[in-house]
Structure formats: structure tokens, C-alpha cells
Amino acid sequence: MRCLQVSNQGLEERIPSYEELEKLENEEAGDRPKWDNKAQYMLTIVGFCVGLGNVWRFPYLCQSHGGGAFMIPFLILLVLEGVPLLHLEFAIGQRLRKGSVGVWSAIHPYLTGIGIGSMCVSFLVSLYYNTIMAWVMWYFFNSFQDPLPWSQCPVNANMTGLVSECERSSPVDYYWYRETLNTTPDIGNTGGLQWWMVLCHVSAWALLFICISRGIETTGKAVYITSTLPYVVLTIFLIRGLTLKGSLNGVKFLFTPDMNELMNPTTWLDAGAQVFYSFSLAFGGLLSFSSYNSVHNNCEQDAVIISIVNGATAVYAATVIYTIIGFRATEKFDDCITGNILTLLNTFDLPEGNVTENNYDHVLQSLNGTHPEVIQGLNLKTCDLNSFLSEGVEGTGLAFIVFTEAITKMPVSPVWSVLFFIMLFCLGLSSMFGNIEGVLVPLQDLGVFPKSWPKEAIAGTTCVLCCFVGLIFVQGSGNYWLALFDSYGGSIPLLIIAFCEMVGVVYLYGIDRFNDDIEFMIGHKPNLFWQITWRFVSPTIMFVIFVFYFVTKVQETPMYKAWNPESDNFPTLEEKEYPTWIFAIIFILAGIPGLSVPLTAVYKCLRNRCCKKDNEFKQDDLNTITKQVHLTDEATKNKPDIPETADGR
Amino acid sequence: MLYRPKADTIRRRWQNNSHICFFTKPESNLCWVKCTKRIACNKQLHDLQHGQEGMLVWVLFLLCQGVAPALTQDLCQRDAPNGYKVRISLKTALGEDAYEWNQSEMFFFRATMAFAMRRHFQMETYNVDNIILCVQTSRVSFWFVVTSPDNATMLIPKADVEKAVRMARHRINNAFLLSDRTLEFLGIHPTLAAPVNPDTPPWLIVFGVVIGAVCAGIIALLVSSLLQKRRKEKGMTEDGQDEEDMQVKGVENGINLDGTYNRGFTDDDRFTKL
């Protein structure tokens, strides 16, 4: 497809040649870090991809879009969109052996914006993601007591009854919104810093710092635990869940296929978005991690394996979650029916055991015939198992409200609570490794920090800075800010960046050169499937998803759900509109990473026009820590009589 | 109805050997009350005490219960102003081990209530007879009122009964192997258990442990990296002398440089740091 290729001058100088790569490989020269073994690399990538989304987003999507039928769009898009993009990132990182900024500026200086965009998105996501870790830690700290603090309402000040806010909603809701978040009724009301959350926040960042302080040297060790422990815990929960009453109701509810959902375009779009976000593409972390691999690592095989593992984990986690949700729904249903039966017995003074779950409907009907006004006055609740099963089961609501409630009903609750929150913490921490990698390596590539600083200092400074900025999320209104960052900072920019990545590699770097590279690295050219998906299918899917999301987001008035004890529908969350100044924040969140691609291109273009000096030495600005062996060779070739200037920095 | 007339009355009647006779079994305080017509035993006794006679009707202990002393009829009724409704859920509480609710249990309840009243009003001696039950249903629920030991027609006000019940609630529950939820006095809400407030919230303890471990980790990390750096510098300065000679030789040979120019040793700063 040479006709579609944009001319790319100077590419050869910016990237290491095959000979240089072989030299690097054989002599083990170079100060770029390396993985100790393949297992570390695979575990890190699996940990990065398998995150909280697999546990609390995928099961909800699966259940709401026709259960088993959702697997079809999910798997199709996994193959057409997820695997090609993953292979592309792995291959380009392994070939060019730099972080995201380095890779894109090597491909073409005007594309540096892609790297910067990735860095910005990784930064924004790291900020709020670690706050979720702080929340998980808070619940973990509080799990070491029996009874669990969210199992019952606290008594009010004068000991006459339960706290009113708790009585009207439920103990788990109250614990989450009041005792954990201490949430304010709207986003404009900051509510001040919550000291207990600040402590958890600081400890989350401190723990992260330990794990990333020396780059992959430390994360490589940490992932042995953080990537494997979730699977162990999921299995334990599966076994426990299957032995609970009503678990199979949940699994059935999850997987019952509804083929009509396949006609709905939203199903396909949600599946595509889920595949995309689940693979953590366009963050720059995957590029970085694969650049530490040896040159001849089989990235094609890795991409396929990781995709399969990610998909399988999502399905496995969904099953486990829904066994527990089925149990909770059945318990609530039983409580509801028992409550109604008791009311009937008490009103009509019938002996106990006269009305059971089996004859409840029959008895109710006959009583309704004889005493209709009395029955009306009783306000009996309608008990429907399906409505309990489909109650708010995604995101933080799933983990901190629904699941914690289910845990209180299990025997030996503190043990399950501890296990569950350790699992969530490990899932989140391993994803954070990738996010922070996507921030630290570009910062080093851009030369923001002085070269003399050791890795620990750079990591430490970044962590301290993020910790400070992240204090927004531990205020009273922090929950709303987090939702804002999540929906605007972590969605649209990624789609833009991923689309630009594909286009950049296929058309600017050159798909033919890319094929040759892969042949050099793994021994055979990528087959027809990869060619078609890289050139047409995946970019098209990205574009379609992006357009859909953009149009939807722009059309709807941005609303958020607030916990307001004074609202009429309390305990249902109140839908509120964002105040007008939030739009500036939304623009910063979504616009800056997305616009960084064209803006950097324009900036570089202008700079090039202004200063037409030795462009080769201008490349030094983009020097990364990795040795630019060929550059110094160039320098010595040009000026052979003054070898001392070879260290020309 | 179990009625224990005053001791001197019995003796008097028995001695006079009139139509009306009172028997007693001293050990059990039971007696047969011989009444004329269906008038209140109380009134009859009063009349008898004052030497009046009426028609004789033998009323057995069991029959008296069926009559449900007409006097007490108007005292104890559904929605009585000074009465409480009690609801018992045996099957919910005990499941398979649930005992049957029969007359003995009712007696036990009255005895327990009399105990509660005695406990509260320490001066007055309440008896089983002071507790009157009515409106029993198969739900197992009934109403009860409490009469004063001095005057059987006078009811103890609701507030006092409530206080007595509250004080002895725990004992009453345990007597029947029930709980606040399964033995309900409608209108008397169970007092909530005082919340246990530990001196240090448990979460702070776990937090302290974790943050201690993290700090120890950070310190260990920083110390180890400092040591590594020092070791590297020491190693470099030792080899530095030989390298300098080699480098000089390389320069002398001019372009005859073999291999890749290793920039690791061009950083002169390191060598001057002795």
C-alpha cells in the first residue's frame, strides 16, 4: 500500500537498525531495564489488563445486554479489535525499545503528541484510580471486626433509636455514603478533607511507591503476588458461592441469553468499548513494558495469550460475582416474603405456619376477597426476585454496597470481607503499575527530571505530586469528582489516541516496514488476518466507537447522581445537573489529552520552520535514557579527528 | 378461678358449717368457692363475710375460668386502655423445639408478670391473680391487664406496667426461651443495646500495622539503594586507573578504535570524585 503511505524522512536515523538490535541483544549492553524472566512480563501485562473493570463492569454489561448473548459481540470484537491493537502495541514497543513518547517521536516528530496524550491520560487515570484503592483499603482495615460495621445501623445520639439516615436507606448505603465518603449533597459543596480517607489515601500512594520505586525491578517482584492472588480468591469465592442458597439463580440470570439484544446497536458499542478499555490500550504502559523484552520475543503469541486470559477472566469473574449476587437476591426475597407473611399473621391472628412461601399467594388472594380494605391498608411489599437481581450492580455500587451486603449475610463474614478487599486491592494495584509506567517513562523521555536523579527520586516525586493532587478525591464531594474524571478523562481521549496510534503505525511508519520488523523479531511475517485488521477493520471500529461516544456525550446534558438525605426520593440517588464551571474542567479532562496530538504536531511544525538548523542534533532533545549508539557513531563519522566530542550531549 | 379467701373467713365458714362451705388445701392454697347464682366471687365473699346468704351454686376452679370472672370481663378486653397486647412467635424462635402454648404456659406468663410487678413495686405483693388475660388467639397473642393487689377492681396504669416490664424484660424473655422480637409487648419498644465503643477503633490498629510495614519497606529500599550506589562508586574508582591507560592508548592509535565506543567511561566526573 505504498500509495497510501506518507513520506517519512529521517525515520532510519531515529530508530535502531536490525544490526544494532542484534548487538544489543547479544552483548546485553545498554542500560534499559530488562525482565528477569518471561513469567514476570506476562504477569505484569495480565495484571495491567485484568483490573477492576473485569470485576465490576463486565458482569453488569453482560447481564444488562442479554446475558449469554452478550458473549457473542464481546468475543467478536475481542478478536477484531482487541487482539490486533494489542499485537500492534507489543510489536512497536519491542521494536523501537522506548516508552510512549520515545516511540511516537521516533516514528515521526510530529506524532510526539500521541505520546504526550498517553502520558496525560495515564496521569489523570492514576490520580483517581488510586483513590479507589484508598477506599478499598479503608474497607479492608474495617474488616477486622465482628460484627462488620456495615451490618447494622448505629444508634442515634440519645439512644432512642437508629440514626434516621440509616434507617431510611440501609446499613451498607449509610456506611458507604456517610461513614466512608461523608458525601455532600452536591459537587459544589466540597465538605472539606475527611481525615480518615486522607490516611488511607496516603497509605495507598506509599504502598504504590514501594512497588514502583525501581521500575520493573520492583514491580516484577510485586506482580508475583498481585497478579496471582485475585485468581486464588476468585476460586475460593466461587466454591463458597456455589454452596450458598440461591447462587444458581444468579448464574442463570447472568447467562440466560436474550438474542434480541443483538439487534440493539448499543450492545455492540458497549461490547467494543469494554474490550477497548479492558485491554488498557493507548495508555502507553503496554508499549513500555514490551520495550523491556528481548528483541526476538514472540509478541504475536503473547498478544493472543493475553487476550484469551483477559476474556476468560472477565467471564470467570462475572460468574463468581453473580453467584454471590444470586445469594443476596434470594436472601432479600426470602426476607421480603417472610415480612409479608408475618404481617398477615399478625393482622389476622392466624397461627404460625398457616401461611408459608408456597401458599402465600393463595392465602393472600382469599384474604383479599374477604377483607380487601384491610389488605390495602397493610401496604404489603411486592417481592420480585428479578428486581433484586438487577439492582445497581456495577462500579463502586457493586463492590461497596451490594457485595458487602451479601458478605454480611454469609457466616464468618470478616474472613470473606478481608479476602474480597485484598483481591480488589491486588487487581487495582497491578493496574496502577501500568498506569504509573505510562506516566514515569514519558517524563523521563521528555527530560523533565534532571538526569542525575535516581529512579527512586523520580518515582517518589511523582507519587508525592499525585498524592497531593489526588486530595480532591478525598473531600466530601470526592466521589462526584471521581465519577467526573472517570467518565470524561478516561474515555474519549483514549479512543482518539488509539485511532491515531493505528493510523500512525500503519500509514506513517509503514505497514510494510512493520511487517518486516515483525519478521525480523519473531521469524515470520504476520498473516492475512493481521494485515486486514490493522489496515481496515480495527481503525474502522475505533472510529465508529469514537463517533458514537462523542455524539452521545455531547448531546446529553451532563448529570450526576447525588446522595441527598433531604431529597424526596431518598434513598434513591438524586440526578443533578453539573454547575456551569464544571464544563471548563470537562474540557481540560477530555480536551487536553485529545487535542495534544494535533497541537504538538502544529508546534513541532512551527518550530521546525522557525529554526532550520542541524536537524540531526535537534534529535538530541528526544534522547531517551537508552543508548543512542548509532547517533554517536554518526557523530564520530562526521568528525573523526576530535574523538573527545563523541560524548556530545 | 383460683381464689384464696382470707384465712379467717375460711375458718369461720367451716366452723359454722353453713350451706356455704369453703375447703382449703393448706399446701396449695386452692379452694372451692360455693356461690349463689352467678355473681362475682368477690362480692359473694364479701356478703358471706358479712353473714349474708344467697343461692348456692358450686363453681369449680375450671368453671370459674370459663365464666372469666364477670368482674374481670370489663377490666380486660381488646384495646383496653390500661392493657397491653402480647404476641408470641414460638415457631420463629425455636423452630422444631417449639413447645406447645397451653394453659400451663399461660399460668407461667401470669406468674412471670406478677414477678415483674413485684420487682418494680417492691412494697406491694402482686399475685398471679392480679394478672388477667383475655382475647387469646391461635396466633398466640392475648391481652393482659394488671389489677392492684389491694383492690381487685382497680387497674394499674399503663405507664407503671410498662416500667415493670422494661425492668424485667430480660428475665421474662429468658423464662420463655424467647427474645425481644419473638415475645412482643405491643407498645413497649425494646431498649437498644448500648453500642460498644472500643478505645481505639479497630481499623486504626490495622492501619498502623500496614503503614508501619510500608515505612519500614521505604526505609529499607532507600538504604539499600544508597548502599548499592556506594558500592558501585567504589568499584568504579578501583578499575578507573586501568581504564584511563587504555583510553589514552586508544586515542594514540587514532582512528584504529576497535569495537563500539563505550560511553560508560567517558564521564570524567566519576573519576574526579575521589
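Any Cβ shown, glycine's included, is placed from N, Cα and C.
Keep in mind that TrEMBL annotations are predicted by a computer and have not been checked by a curator.
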From A:Asn8, A:Asn310, A:Asn386, the one annotated by TrEMBL with A:Gly47, A:Val50, A:Asn54, A:Ser278, A:Leu427, A:Ser431 for Na(+): A:Asn310
Selected stretch (most C-beta pairs under 8 A with the transmembrane segment (A:457-476)) from A:41-58, A:113-141, A:193-210, A:271-292, A:415-436: A:193-210
Other same-chain residues whose Cβ falls within 8 Å of the Cβ centroid of A:Gly47, A:Val50, A:Asn54, A:Ser278, A:Asn310, A:Leu427, A:Ser431, the recorded Na(+) site, in sequence order: A:Val46, A:Phe48, A:Cys49, A:Gly51, A:Leu52, A:Gly53, A:Ser280, A:Thr313, A:Ser430
Other C-beta atoms that fall within 10 angstroms of the C-beta of A:Val50 (Na(+) binding site): 26
For A:Gly47 (Na(+) binding site), nearby residues of its own chain (Cβ under 8 Å, 6 or more apart in sequence): A:Val223, A:Thr226, A:Ser227, A:Leu427, A:Ser430, A:Ser431, A:Phe433, A:Gly434
Intrachain residues whose Cβ lies under 8 Å of the transmembrane segment (A:488-511), provided they are six or more past its termini: 1, 4-6, 8, 11, 85, 88-89, 92, 104, 107-108, 111, 114, 117-118, 120-121, 124-125, 128, 273, 276-277, 281-283, 531, 534-535, 538-539, 542-543, 545-546, 549-550, 553, 586, 589-590, 593-594, 597
Intrachain neighbours beyond the transmembrane segment (A:271-292), with Cβ under 8 angstroms and 6 or more residues off its ends: 32-35, 41, 44-45, 48-49, 51, 53-54, 57-58, 61, 65, 70, 73-74, 76-78, 81-82, 85-86, 89-94, 96-101, 103, 115, 118-119, 121-122, 125, 216, 299, 302, 307, 310, 314, 431, 433-435, 437-438, 441-442, 490-491, 494-495, 497-498, 501, 541-542, 544-545, 549
Candidates A:70-92, A:113-141, A:193-210, A:304-325, A:532-551; stretch with most C-beta pairs under 8 Å toward the transmembrane segment (A:415-436): A:113-141
Residues of the parent chain within Cβ reach of the transmembrane segment (A:113-141), under 8 Å, 6 or more residues beyond its termini: 52, 99-105, 180, 196-197, 200-201, 203-205, 208, 282-285, 396, 399-400, 404, 417-418, 421-422, 424-425, 428-429, 431-432, 435-439, 442-443, 445-446, 466, 469-470, 473-474, 478, 481-482, 485-486, 489-490, 493-494, 496-497, 500-501, 504, 589, 592-594, 596-601
CB within-chain contacts under 8 A for A:Ser278 (Na(+) binding site), separation at least 6: A:Cys49, A:Gly51, A:Gly53, A:Asn54, A:Arg57, A:Phe58, A:Gly82, A:Asn310, A:Ala314
